[in-house]
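For reference, the structure is listed below as structure tokens.
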Amino acid sequence: KGTIHLFRKSQRSLVGKLTHEFRLVAADRRSWKILLFGAINLVCIGFLLMWCSSTNSIALTAYTYLTIFDLFSLITCLISYWVMMKKPSPAYSFGFERFEVLAVFASTVLAQLGALFILKESAERFLEQPEIHTGRLLVGTFVALFFNLFTMLSIRNKPFAYVSEAASTSWLQEHVADLSRSICGIIPGLSSIFLPRMNPFVLIDIAGALALCITYMLIEINNYYAVDTASAIAIALMTFGTMYPMSVYSGKVLLQTTPPHVFGQLDKLLREVSTLDGVLEVRNEHFWTLGFGNLAGSVHVRIRRDANEQMVLAHVTNRLYALVSTLTVQIFKDDWIRPTLSSVPIANNMLNLSDHHIISMPSLKAADNLNPITSTPAKPSSPPPEFSFNTPGKNVNPVILLNTQTRPYGLGLNHGSAPYSSVLNQGFGIPGMGAQQGFRTGFTNVPSRYGTNTRGQPRP
């Protein structure tokens, strides 16, 4: 029983808990740089939204959404620092690494929702194209490009850096990679920049700025306002195509799926574990990505009854720990059970059970449903009995038979026929119970003297 607290402190509200955790993160000097970039990002977003309204350009609005995504990435970086400070608790026994996975998933999904909103607005603008003012269009493009590149290259965002490398390539990266191979074939010195594949965030920032520059030139030369809507659709599609592989990867991590790139290594390690001394079976194995770059797993190992549990546990953990950092191994011994020999009471002076087989038969029916002459149910609808009296059939108690693998014993039965009157008066012949042994074999109990020796004397 716990201590009774008369004046228990009230629990903190959600805002109070968030404030406490924010103070914990702000106490680290590494987070000051992120907070500074976050404040500048908010100011930049405010100016860009005002310029989007004054220019009436939906392409600049789509490009501004990339700056809003940069704010989400900065928040994800703060969450990553907070995760490193927190230790596992009883409620979160595996730690808090899945919070940064959830932050990456939410950021990429919100960016895709913004792209879908741009596509919807662009479809409406194709029906009635408004006039675009180019006064601040080019200024807003360069301000957003400079800030996005400066943020991406100045701050090491560990979650997004891992996802951008581990996730599958987007269609924009694949097309740029094909173009880069052609360029690097002419100028080999550029291979370190363009190959094997460019950073997807830097790539989409440059591609969006290039689309806005083309929009500005075409509007200034020919007053072709529809190109602004086309550029907005292009930026939205590039945003969606870049964020979708990252959403899929982080979503699979949240669903606790096994990463495809470790299938071969896991199969090899499990085969090695199954060949260890004392291991009979490896089953119920499940491996999943706990956080970015952190693999967790659990496995059940069945071992022999005479095997050393601690030794097997040490060997299994040593084999799997090279790949699985958070591992749970459950060891249990072989669960075979010696079969039960008999389910009926046996006399104390019965012979050794290892010399005989016990055959379980269905129990006799109630005495009021039996005919004392035929031992069958006395019902008009039942078929006539095949044999009368106590002939063995389906209504017989368990019978002890002789084991052919042991030395034979004589049954010691008196094969004389008993008169019907004695059978009817005293019941069926039951050896060992004081009644005369009958000719039939429908015994209902175990004999106290099972056999006799060759000289006719009872066996002790």
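Each residue, glycine too, has its Cβ placed from N, Cα and C.
Here TrEMBL flags 35-255 as domain 'Cation efflux protein transmembrane'. Annotation comment: TrEMBL describes 372-392 as region 'Disordered'. As annotated by TrEMBL, transmembrane segment applies to 32-51, 63-84, 96-117, 137-155, 201-219, 225-244.
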- [ ] Using a Cβ-Cβ cut-off of under 8 Å, list the residues of the same chain that are 6+ residues beyond the ends of the transmembrane segment (32-51) and lie near it.
- [x] 26, 60, 64, 67-68, 70-71, 74-75, 77-78, 81, 136-137, 139-140, 143-144, 147, 151, 154-155
Open item on the list: Are there residues at least six beyond either end of the transmembrane segment (96-117) with Cβ under 8 Å to its Cβ atoms? List them, or say none.
Closed with: 62, 65-66, 68-69, 72-73, 75-76, 79-80, 82-83, 86, 88, 159-160, 163, 236-237, 239-240, 243-244, 246-247, 250-251, 253-254, 290-292, 294
Open item on the list: Can you work out which residues elsewhere in the same chain, 6+ from the ends of the transmembrane segment (225-244), have a Cβ less than 8 Å from its Cβ atoms?
Closed with: 57-59, 61-63, 65-66, 108-109, 111-112, 114-116, 118-119, 121-122, 125-126, 129-132, 170-173, 200-201, 203-204, 207-208, 211-212, 214-215, 218-219
